[in-house]
There are 2 protein chains.
Amino acid sequence: MTNVTENITCPVKRIECIPPEKIYSKGTIFPLEVGMKRVKLSKTYFCNGQEFSSLPLYDTGGPYSDPSVSIDPEKGLPPIRKSWGFQRDEKAASSITQMHFARKGIITPEMEYVSIRENQQLEEWISSFSRGGAKVSPITPEFVRQEIAEGRAIIPANINHPELEPMIIGRKFRVKINANIGNSALGSSIEEEVEKAVWSCRWGADTVMDLSTGANIHQTREWILRNSPVPIGTVPMYQALEKAGGKAEALTWELYRDTLIEQAEQGVDYFTIHAGILLEHLPFAEKRLTGIVSRGGSIMAKWCKYHKEENFLYTRFEEICKILQRYDIAVSLGDALRPGSIIDANDEAQFGELKVLGELTKVAWKYEVQVMIEGPGHVPLHMIRENMDKELAYCHEAPFYTLGPLITDIAAGYDHINSAIGGALIASFGCSMLCYVTPKEHLGLPDRNDVREGVIAHKVAAHGADLAKGNPVSWLQDELMSRARYSFAWEDQFNLSLDPEKIRAVHAQSMAARGHTEKNPHFCTMCGPDFCSMKKSKEAAEQE
Amino acid sequence: MTNVTENITCPVKRIECIPPEKIYSKGTIFPLEVGMKRVKLSKTYFCNGQEFSSLPLYDTGGPYSDPSVSIDPEKGLPPIRKSWGFQRDEKAASSITQMHFARKGIITPEMEYVSIRENQQLEEWISSFSRGGAKVSPITPEFVRQEIAEGRAIIPANINHPELEPMIIGRKFRVKINANIGNSALGSSIEEEVEKAVWSCRWGADTVMDLSTGANIHQTREWILRNSPVPIGTVPMYQALEKAGGKAEALTWELYRDTLIEQAEQGVDYFTIHAGILLEHLPFAEKRLTGIVSRGGSIMAKWCKYHKEENFLYTRFEEICKILQRYDIAVSLGDALRPGSIIDANDEAQFGELKVLGELTKVAWKYEVQVMIEGPGHVPLHMIRENMDKELAYCHEAPFYTLGPLITDIAAGYDHINSAIGGALIASFGCSMLCYVTPKEHLGLPDRNDVREGVIAHKVAAHGADLAKGNPVSWLQDELMSRARYSFAWEDQFNLSLDPEKIRAVHAQSMAARGHTEKNPHFCTMCGPDFCSMKKSKEAAEQE
């Protein structure tokens, strides 16, 4: 077994790595190498007649989880997508988006990449899996292509982000999570933000949004992009507002457009654009308890009211799509009117905007721009289902990407848990990606530890939803974990968990605090040897 | 406003108190004084036409949250129930249980107490509340009586626990949470455990289970009981096993019975009794991935197999009920066969036992013993509903009390979040009480901070479920919180949150780290002044 306790220094300043075992699966259509983490197990487990002495895991860590890769943050990550030999320009001069190729029946390297990635080298297991109803099949590049062609899934992958390891967002795939980072006028340095981005994906974030609003927005984003193996999203309005001196009324289409292009050139993979909030919605928003709680939304509302004009992101949306199309940037249609309190949930303002997002989805698809739809927000448990149902109906099954939902307003300090509860539920209903919330939500900017807590809380939610949806790969991980638990294989339990480093440390502490030194005690460290139910249960079963 | 930052020393050793404002509501039938915490608000908020410049909160902290009470842990808390003038012996010589009186049509002080407590002095608000459908009414002592008579709710209150502030467990009342404490052979002192008990109820635990299995079980329990304003539950089998030298096969009925009586005399309010696991279930349990994960269950399974006899907790159940009846101890029918992995969820073993628990419920009710039913465990999200539905059907609507459920097996280190997700869902379906899980679950014994994390995570879940069920009092708290948030009333936000101390500290840190010193900044400390959506949203709304 890899000696996981021996830390090595990661070349990114001040970040320490624990070396995992990294493996690569090769593409059959394209010369791809899809990275995964492999957990070596201390013994062979039998699941449904198949033997497992290791388990490949989906890995969002990119080169950071491969100790053999030398990383120089000044140079950035290797531009892997450049070597895949897919000549976009030759194949299709008219458009270069994934949706364009998908509609033409063409499989791209990105499509093959995500199909390999989702299967985790477990095709045999997937094919044999039957728990809970319908049989499932491994994901094929052709299946990915169909889902993208229909708009039910997206691969956010700007042609200028060659460092990217493609991933797919759609409800027939693993539930994904996003981590927000970014400085604000209240501080935090470039270095801190790059560090948070790297750690986010090491802990399991599938995408990262850089929501910087303070100083050095361009430079921060550049460093993040060049060092990011996951798609990077932004809200271009934030930088546009900085350029407008912080005054919403001073914003212009030209200033916004230039910002889009600036960020597109850098390689941002998806843009949140609050194009769905219209003048007609504002009276409804004003009746609310908490008005508009989306930053981008409140900026546009202020602009619209000042100029007595319709939202230029709406009126110029076709022009925006033409820019996005050139880079294959996905649009994440922002929910400017998401509820900021449970009392505002599912109101006319929210669902009125959602209908407009459905309209805009059709416009984007006309330009073969990939679309996802952003969702709430604060929604009590019993009103969550309606959000998912309406999103699918109004937005033609475009993937849903929600912030929580938070199921109560009073959980400040614990909003990551609040959000994980609502997130697990909506993801089990079909939401494709959860935006994390950290314990600092409503209180301040997250630090590195908050990012970790936020990421893992939402990994629990996403994984729980995958299980509820019958994902065979997720079920296997739980089965192996429980087999390891029942046989007191502590190292296997650590490695199969969502945060091995943390629980390894906690377990060692618990043992040491109690004066135990065994590395693999044959009892649960919670209850001690005499009261270990698993031990007794085994003894009972063996007794005749 | 109370100066909450000025800590005072609580007489219980090493516990610091933050003085809340404590108020008392008087009974109209009995001379009761029902304690609540009152949050003074910095301004007057208007909700649905009513004015609120303060909000009474349900308070589980008992005398610990009243700075005017002097507490001497050596003496224990004041025996408040002794002064309520309810002469049980005179009124009903045949039985003294709450269920007995309820069936006779008699309202007890405990019934009036919980009705006052649940209403939080908000009768006017409750009567005017109409959000989300059916109108609700304040809870009357008569309504409490009916629910107890029908077995749909319980008030666990041993006649020998006079320090208790009664509370009610049932699905038509606030969702409750339980905190487990207790030492094990692996260590922890009496002092630590008493401290954890006190802190549990201060942070919001409605009941505390003392699951001690190590040394000094009797003494630890005595200190906990004498200093506990919340019901104390135990699993008497643990002490019985200690008396049997840790050997399951050495257990006898007599030894168990004597342990029951010993604990009954001390004042334990409810006993978990694993009477539903039968010989016929064992083959099903042996087919499972993780066998039996209940400690009490695995002990009984071992005993049954060794002696080739039926579970004596089942065969002697009527004798057990006769003991419980004398003290008005509630029985919490243990789910010995709860699934310990999601693959074992909802299987024949689990539901087979649940049916037996339904039978035993009827037996207990024959003796007018109050009953609740324990539930899982590890259950994936989509299989949670079935647990609630079957429990109501098999167990004649006796209150359900679940451990989680945990929605995945792989969240070690984050199992409090895992459990809060499943717990929120099952509570929204009607589960009456959630047993907390701490971040140490599966790894070690919780320390004080783990207890806090576990309690608050499950408060989020329980409160979220209360909102989903349309509890008017819960909705009011959220509404005030959001009104405070939208008006940047930071102190009000802190006080209306589930953990004011923690978020007050976090917010102060965030502000200080960013070089801000205002106590009540008019912007969100996450985004800074220019990007505060609430600020912008207000500006937009005010603009014409």
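A Cβ is built for glycine as well, from the same backbone N, Cα and C atoms used for every other residue.
Annotated substrate binding in Swiss-Prot involves A:Asn180, A:Met209, A:His274, A:Ser294, A:Arg295, A:Gly296, A:Asp335, A:Ala336, A:Leu337, A:Arg338, A:Glu374, A:Tyr401 plus, out of the candidates A:Tyr113, A:Tyr238, A:Tyr256, the residue A:Tyr238. Spatial neighbours are here defined as Cα atoms within 10 angstroms of one another, and by that definition the neighbours of A:Arg338 (substrate binding site) among the binding-site residues A:His378, A:His442, A:Cys532 are A:His378.
With a threshold of 8 Å between Cβ atoms, the binding-site residues A:Asn180, A:Arg338, A:Tyr401, A:His442 that neighbour chain B are A:His442.
With a 10 A radius on its CB, A:His442 (Zn(2+) binding site) counts 23 other CB atoms from all the protein chains.
A:His378 (Zn(2+) binding site) is 14 Å away from A:Tyr401 (substrate binding site) when you measure Cα to Cα. Annotation for the binding-site residues A:Tyr238, A:Tyr401: lowest Cβ count within 10 Å of the residue's own Cβ, A:Tyr238. Counting other C-beta atoms within 10 Å of each candidate's C-beta, the binding-site residues A:Asn180, A:Ser294 are led by A:Ser294. Under the three-state DSSP scheme, A:Tyr401 (substrate binding site) falls in the strand class.
When Cα-Cα distances from A:Tyr238 (substrate binding site) are compared across the binding-site residues A:His378, A:His442, A:Cys532, the shortest belongs to A:His442. A:Cys532 ([4Fe-4S] cluster binding site) and A:His442 (Zn(2+) binding site) have their C-alpha atoms 42 Å apart, to the nearest angstrom.
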